[in-house]
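*Asks:* Got these off TrEMBL a minute ago, pasting:
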type	residues	note
TRANSMEM	29-51	transmembrane segment
DOMAIN	29-310	domain 'ABC transmembrane type-1'
TRANSMEM	57-76	transmembrane segment
TRANSMEM	135-156	transmembrane segment
TRANSMEM	162-185	transmembrane segment
TRANSMEM	240-265	transmembrane segment
TRANSMEM	271-291	transmembrane segment
DOMAIN	341-540	domain 'ABC transporter'
Amino acid sequence: MNQQAQAGAKQYLAALTQQLRGLLRQARFAGALHGALQVASIIALAVWVSLSVEHAEIQWVWLPVIVILLGLRWLAANWASATAHKLGSAAQQAARAQLLKRWAEVDPVRPQVSTERANLMVEPSEQLFGYFARFLPQLSHALVIPLLILVVVAWLDWIAALFLLFAAPIIPIFMALVGMGAARLNERHIHTTQRLAGLFVDRVRYLTNLKLFGAETRALSDIEEAGDVMRRSNMATLKIAFLSSAVLEFFAAVAIAAVAIYVGFSLLGYFTFGPAASMNFVSGLTILLLAPEFFQPLRNLSAHYHDRAAALAAAGLLQVEQQALKAGPEAKVKRDADSGLHLTQVSFGYRQKPVIADFSWPLQGGQIGVLNGPSGSGKTTLLKLLTGQLLPQHGCISIPNSSHIAYMAQEPYVLAGSIADNLRLVRQDASNQTLQQALSSAGLDKPLDTMIGEQGQGLSGGELRRLALARMVLHPSPLMIFDEPTAGLDAATSQTVLRAINELRAPGRVIVICSHDPAVWQLADSLVSTLKGPVEGAHI
């Protein structure tokens, strides 16, 4: 991940953290409360044991205090765990909601659900859970709890506190070194997972073709190879995690051992300098019990540090997906009360290759504009700009002030159900008579109760297109867009479709048609063959 991508990932995580700041504050407070009660219970336990040893009998008066502190500590631990889990789940839901919202904005008519998109909804979003549920709360715990313990130990013996203070920075340093490699490994792991998921879905989708051509052995070999790559990626990630844990445990154990040696020799009277000469059993036992707890939050943070690396890799992918179709700084789409469609110096390109350049096209209400450029001239891109599936990188698109845009695709979307069910997608309260009139206008002579299977089974391609046209007739909008409405139709059916489209012409309504059919061109008030520069004149 380069610096720019890493900055984008951090920006994405920061924005998501800001969105969930209320839950994050609760998780941090619950963790800090649990840590404070933990320190208090350890001190009470040390005092109780010391007094019991000193008086040679159990000091029962301290037991209720210890039990109460342990009970409160248990409640605080459960609260902290529940709040952290709630925070992680909320982060997942927020990330997925942002993705769904973005996809709905980009392609409101028919979202393109690919294996990559499906995997984005699962794998990267799940990677965010550990970051918000474990790493972020533990990050605050690793700052607050060791500081509290350090203050208590320094009050009892400042030399023992120095041992802890000098050992503490070693763990964050190693965490940073480990994180540099872990982020790259996690990003590679996510890409490997996406590739394996896409490979598997594609092989299952075309299983019949593989059997027909006798290529199932090769397909199985491809999946086995991808699975082996996935296994190696998992093992590389686990190797980093185990090695880092071993190193961190070693330094923590050395620091605790140094504190234990110092306390032991001080109590035996071998150390007589500084506060060691006045150390008693209460302070010594308290320091010994607090020393492991000083490193425990740092250990937990190091154990969860891979969650941060995984979240950075996941956030990078989510950020790229959300920003992929973002409009340029000089572009805008606006709705005007004035009827008409106006494109002003609109530009759009893919990977630095311009497809539409400074294109201006005014269409007034009641006019029909037709795009008839050759393949690759940008017609499909322009339709996506008009329907909101893409946003212009430069320029301005002004559309009629309405919440609806009617769009008829080359391959219309249909439900598995009756023709009436499909028509009522756009107008639920329509009567059967109204539905039948729409079918007649579109030239589709089918009963309303005719059943349609998955992907339009039961109707021909031309009938599916006329069904989509009937939906357009049933619910006309101020901006209506048709993509190759007569492709694949015979002459008589084409004339019926064109007649229905022409009847939709009305004041305040703009119709845009993309077509290579010369018969469609006859409807045009403005005929456009190139999408570079301004359109001049009423008919080109």
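Heads up, the Cβ atoms here are built off N, Cα and C, so glycines get one too.
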*Asks:* For the transmembrane segment (271-291), could you work out the same-chain residues 6 or more beyond its ends whose Cβ comes under 8 Å from its Cβ atoms?
*Replies:* 39, 42-43, 45-47, 49-51, 53-54, 149, 152-153, 156-160, 164, 255-256, 259-260, 262-263, 265
*Asks:* Could you tell me the mean pLDDT the prediction assigns to the domain 'ABC transporter' (341-540)?
*Replies:* 82
*Asks:* Same-chain Cβ contacts of the transmembrane segment (29-51) under 8 Å, 6 or more residues past its ends?
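*Replies:* Distal contacts: 59, 62-63, 65-66, 69-70, 72-73, 76-77, 79-80, 83-84, 137-138, 140-141, 144-145, 148-149, 152, 280-282, 285-286, 289-290, 293, 297.
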*Asks:* Counting only residues 6+ away from its ends, which parts of the chain sit with a Cβ under 8 Å from the transmembrane segment (57-76)?
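*Replies:* Sequence-distant neighbours of the transmembrane segment (57-76): 30, 33-34, 37-38, 40-41, 44-45, 47-48, 51.
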